[in-house]
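Quick look at what TrEMBL lists:
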type	residues	note
BINDING	Tyr457, Asn672, Asp685	Mg(2+) binding site
BINDING	484-492, Lys512, 560-566, Arg671	ATP binding site
DOMAIN	478-803	domain 'Protein kinase'
TRANSMEM	377-397	transmembrane segment
TRANSMEM	417-436	transmembrane segment
Amino acid sequence: MVPPHCRKQTYEDKIIINYAIAHCTGTYRCKTQQGIYSDVYLYVKDRDDLFTPQLLQNEVKKEGSSHLFDCRLTDPRATDFSLLLGNGSTVPRGMRYVADPKGGIIVKDLLPQHSGNYKCSARIDGWSVFTKHSLSLPEVRTPPAISAEQDRYVRCVGETLEISCTFTNPNFVFTVTWTHSSVKFQTKPEFQKNKVRITSIVKIKNATLSDSGNFTCTASNEAGFNSSTIHLQVIDEPYIRLRPIVPDQQGRDIKINEGENLELDVEVESYPEIESQWWDTPTHENSRNASLDFPSCGVSILLFHRCKNTLRLKRIRAEERGQYTLHARSSRVYTSISFNVSVHQKPRVVGRWENRSLTCSATGFPLPSIYWYQLDFLLRFLLILYIIFCVCVTANFTSARVIEVWHSQVFTPSLMGASGLALVLLLILVVVFYKYKQKPKFEIRWKIIEANDGNNYTFVDPSQLPYNEKWEFPRDKLKFGHILGAGAFGKVVEATAYGLGTDEIITRVAVKMLKPSAHSEEREALMSELKILSHLGPHDNIVNLLGACTQGGPMLMITEYCSHGDLLNFLRSRGEMFIISIISEHGSSEDSCLYKNISKQEVRIRSDSGISCSASDYQDMTLGMKSRPLSEETEMNSLGLEDLIRFSYEVAQGMDFLASRNCIHRDVAARNVLLTECCVAKICDFGLARDIMNDSNYVVKGNARLPVKWMSPESIFDCVYTVQSDVWSYGIMLWEIFSLGKSPYPEIMVDPRFYKMIKDGYHMSSPDFAPPEIYNIMEMCWNLEPTLRPTFSKVGQLIEKLLPGSSFQRYTNMQPSQDDQEASKLCDSPSACEESCDQSPDHGAEQQPLMKNNYQFC
């Protein structure tokens, strides 16, 4: 018999797996309470899964640690168990791992370059089987990215709150801290792509007033830290606050005119969130024109504790006046707010003649006042009639209404006839006044700057400029010739001045005068033009003032005579000559394809100025004397590239002089440049005296006609005129010159598309005959930023480099002496080109008319 302490006691326990799958592969341990155990390894063969299923495909690890690829074999017959890269190649040299069919593959001493895709590989029954894994060892370069669900909370005393803060980090090496008194928090890490996503939660039970304040969540790693602050407001009791959003000083008493639209806006702030809100209105009829704007106040209050409620009434009527009330209700609070709306109604009046009594009834809001007026007069027509008008006038501060009441029907036809006649006369006066206001006004475009602060310019009133009596010239020493042209307000006449400078000199001049029909506004404008020209002083490249007659008769302004007219028509009339000279210079055989699409056309060139004339007023001009050639190599009727460059240089010199005198031109264009007998370019100003109503270059913008295609963007869109805006216009003028007088932006209409193109920085392509250096200057002038455009001095320097030294004559702005001034006046005469300065012009040549439309006067 076996002693009791030696008896063997057997205990048996079982684990039953009813449906074994590959995932059940692994080690099973039976363990007693005394810690004694026994292990058994179970293979669950699965023809579809040679490896145990993996829980995480993308795993983030720390450098230097070990990592287990959980890819245990489910069949002991498998061989060649190893680790490969995702592309099937062997793992990097130096990567150490241990492959255990029962434990998976362990990689030791991880490095950042070990990040990537891997495969667990094994062979069974002659086939290779793989399972994919991924490993990330990101380099920490930035602090954790942190965000809060919302940045403000409101709770009542005793309520519970959870404040969460979520951030992402490349790995698990991070710390989270909260700053607030006695804060306890927990973290919930999750995997998200190649990063770790952590949510930290602060729980507050039974909130107290002392819990109010800021909760700051800070997450840090080896690269730095980020934080987010959440504000908690603990209140004693729930609330709803309704605040009207109304214009200043209006309050909740709204006054509006009948027919206008009304909006009632209320800012709603509450805790807990609003459950319902509605409006009470005076009538139900206005609901057909009402529009309610109820945002999702529940969501808005959850995030921001406030939202806006709007009631819109379209074309409000008088019967809709009254009280409008907004009601708001939450689970614990109710409140409301009211508006008193007064609708101002225009007076309505009804007059009646009954029982020998006149009655006038009026309605409106505010209540209109009623006034009676009696008008009586005698009417002598065939027989004498005595007519009495009784007029009832009702008025409140919105408007007034008038009706006429008379006591006898006998006078009705006479009254209707007189009223009809008065109405016709009134309409005629209105039409005449409108036509008068639509007439173009004489306005000098040049402006003198008194001071400037950045882009804020102060212009001088030209009427305040002084006028020097030295400019006065005796009227009886002017002999008028042909009328050169006529504009809307005046005319330009060729004249001979005797003794202009000295008693012996005869000078051919141009005289500008107003028509007898001109008004005082035009006379003041012409006087302003005279004062500005006298203020500027002389220069070789502007049309200079020679004298004036302001006393003892109509006002006359005497300026230099420019026989070749405006530059625009000059270029158009000589375009064929230019092409012939270009072809002759380059040789027709070599460069026959240099200039394409240029054909000879018989076109009638319309004048761009306001000085127009009929076809019978002008004949072709014949020269009475030999003139200086345009350039040293060409004859008078020829035109070469050198001449175009010289014109451009001379205009730049003139504009530089105007800029030095603080003068802004505002209409720089080829039509506003004149050519003397010696073909010297001179800048002038036609202002709006030209026929802008019929000139396609001037486009209606607002209540004015403006040369939009020549204007800079800041002038078009902001009405800003500066020297820099003149530079832009000069660039357009360069395009005109080197296209031989073509209109800028060809085939582009001035419409919204054109304005968008200008605002977007559209530039015209290079004209046919512009050298690359000239086109480069154009693009510099068309810079959208005014301060980046070149000055006229810089433009002149750039163009000067393109002029041959043999034909270049320099013009300076030095003030001449008195003798020089007299000499310059004498040499401005046509005979000064090759004949002596004291030789008077031939009288026969003086009487010859100008070429049609080839003379413009400023």
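Every residue gets a Cβ built from N, Cα and C, even glycine.
The two recorded residues, Leu484 (ATP binding site) and Asn672 (Mg(2+) binding site), show a Cα separation of 16 Å. Spacing of Asn672 (Mg(2+) binding site) relative to Cys562 (ATP binding site) is 12 Å (Cα to Cα, whole number). Cα spacing between Gly565 (ATP binding site) and Asp685 (Mg(2+) binding site): 13 Å, rounded to the nearest whole number. A coil conformation is recorded for Cys562 (ATP binding site) in the three-state DSSP classification, outside any helix or strand. A separation of roughly 14 Å, to the nearest angstrom, links the Cα atoms of Asp685 (Mg(2+) binding site) and Gly490 (ATP binding site).
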